[in-house]
Amino acid sequence: MQYSISKSLKHLDGRVVLPASKSISNRVQIINALSNSFEPIKNLSDCDDSKVMQQILFSNTNTFDVGHAGTSMRFLTAYLAKIVGEWTLTGSDRMKQRPIGVLVDALNSIGAQISYLEKEGYPPLKIFGSNITGKEVELAGDTSSQYITALLLIAPTLESGLKIKLKGKIVSRSYIEMTLNIMKEFGVKSEFRGQEIFVDKQQYQRMPYTVEGDWSGASYWFAFMALASEGKLYLDGLRRHSFQGDAGLLPVFEKLGVKAQFSKRGMFIEKMDTDCKKLRFDFNQMPDLAQTFAVCAALKGIPFHFTGLETLKIKETDRIYALITELGKLGYVLFEPQQGELAWDGERKEAAENIVIETYHDHRMAMAFAPVAMLRADIVIDSPDVVKKSYPNFWEQLKQLDFEIKEV
Ligand SMILES: O=C(O)C1=C[C@@H](OP(=O)(O)O)[C@@H](O)[C@H](O)C1
Ligand SMILES: C=C(OP(=O)(O)O)C(=O)O
């Protein structure tokens with residue numbers, strides 16, 4: 001399936017109810033499972049990645065398929081390692097290419113029994129859940145913060161708690177802090193000092209929880225606004241004091257011409273002028289927003305140099321390759337100055353005809369390219385269904401804002 005997206009009037013007004021954060025939803029689901037809590041999770045995300053977590057946690061089989069959900073794969077590996085039983089954990093073809101060896105080694109070093117069913121270092125996994133007795137673990141911090149979150153979530157439930165020593169650069173640190181903050185809300189104390197995190201054995205308190213709106217999903221509306229002629233949108237569900245590192249998008253979008261003002265339950269965003277000549281930004285804390293900003297800056301004609309993108313090659317797709325290829329179709333010549341970087345110095349070539357943006361099973365490719373519709377009437381997105389991974393209502397909400405979306 002493909003969608004063509006267009007909008008005749010280039011101003012943008014209305015209200016959007018943001019989806020719930022999938023990162024928070026999946027952490028809270030694991031915490032509830034670890035503490036045998038049936039307290040309600042309000043505003044739990046209904047995206048694929050959160051639904052699959054729910055299905056697995058409430059399933060009575062022992063073979064689980066997480067599909068494309070990285071957090072579910074990583075968090076469940078640690079969770080199942082300590083639940084007595086014999087488990088098989090697998091995922092989509094892409095999931096089988098996303099590394100998990102660092103987490104498996106860390107868990108096995110503290111007494112877990114996890115082995116590989118196909119390729120060494122990658123899903124699918126065979127997990128013999130048992131009592132984990134180790135109290136100290138060392139792992140590299142430079143591949144995925146999700147491994148660290150997975151260990152942290154089970155840490156207070158282990159016999160001796162856990163001391164985690166991180167080696168080297170720590171990527172996506174904001175997500176580790178999100179984990180520790182959520183654990184704190186559930187009554188668990190921890191300490192993050194330098195390269196070490198300490199969690200004593202403690203009990204998660206059982207309590208109802210309300211998940212906040214998703215800042216990563218909000219980024220696409222900022223991009224639409226940055227490319228609109230004028231307008232004002234109300235984004236419902238965002239919290240000013242958020243646990244999400246992606247809330248750090250505000251000052252960056254201000255450079256691209258979007259100003260924001262908080263209200264009680266969300267925020268207003270408005271178009272404003274910008275004289276930004278070049279956008280330089282380190283995405284280490286907000287890796288999921290690199291696509292939003294690359295497309296938006298290029299479409300606004302603002303050259304950029306992005307760093308901190310080392311993890312992008314092992315996400316839903318190789319996002320560096322995908323951005324260079326798909327923005328290339330629109331005539332923007334992007335390049336990779338070195339590993340972990342992406343740049344555009346303003347070079348243009350003629351755009352291709354009949355452009356179809358491939359999405360590579362990556363929800364963020366579809367959503368990051370949708371704002372192109374503010375400038376071009378001919379944008380077609382392939383496999384638009386991919387948005388279900390984090391934002392099932394995305395296309396519906398665009399229709400409500402007078403976008404014309406046609407199946408082609
Ligand atoms: O912990 C999380 O919820 C996430 C951590 C990040 O992954 P990495 O730590 O692999 O960069 C992020 O890209 C992903 O979308 C969600
Ligand atoms: C990278 C992402 O998800 P995950 O790693 O959880 O599959 C994402 O949502 O952009």
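Each Cβ is built from the backbone N, Cα and C atoms, and glycine gets one as well.
Just so you know, TrEMBL annotations never went through curation; they're auto-generated.
The candidate list Arg98, Arg193, Arg265, Arg280 contains one residue that TrEMBL assigns to the phosphoenolpyruvate site with Lys22, Gly70, Gln146, Arg319, Arg364, Lys389, namely Arg98. Cα of Gln146 (phosphoenolpyruvate binding site) to Cα of Ser172 (3-phosphoshikimate binding site): a span of 9 Å. When the binding-site residues Lys22, Arg27, Lys315 are ranked by how far their Cα is from the Cα of Arg364 (phosphoenolpyruvate binding site), Lys315 comes first. With a cut-off of under 6 Å between the Cβ and any atom of ligand 2, the recorded positions Arg98, Ser145, Asp288, Lys315, Arg364 reduce to Asp288, Lys315, Arg364.
The binding-site residues recorded for this entry are Lys22, Ser145, Lys315, and the Cα of Lys315 lies nearest to that of Arg98 (phosphoenolpyruvate binding site).
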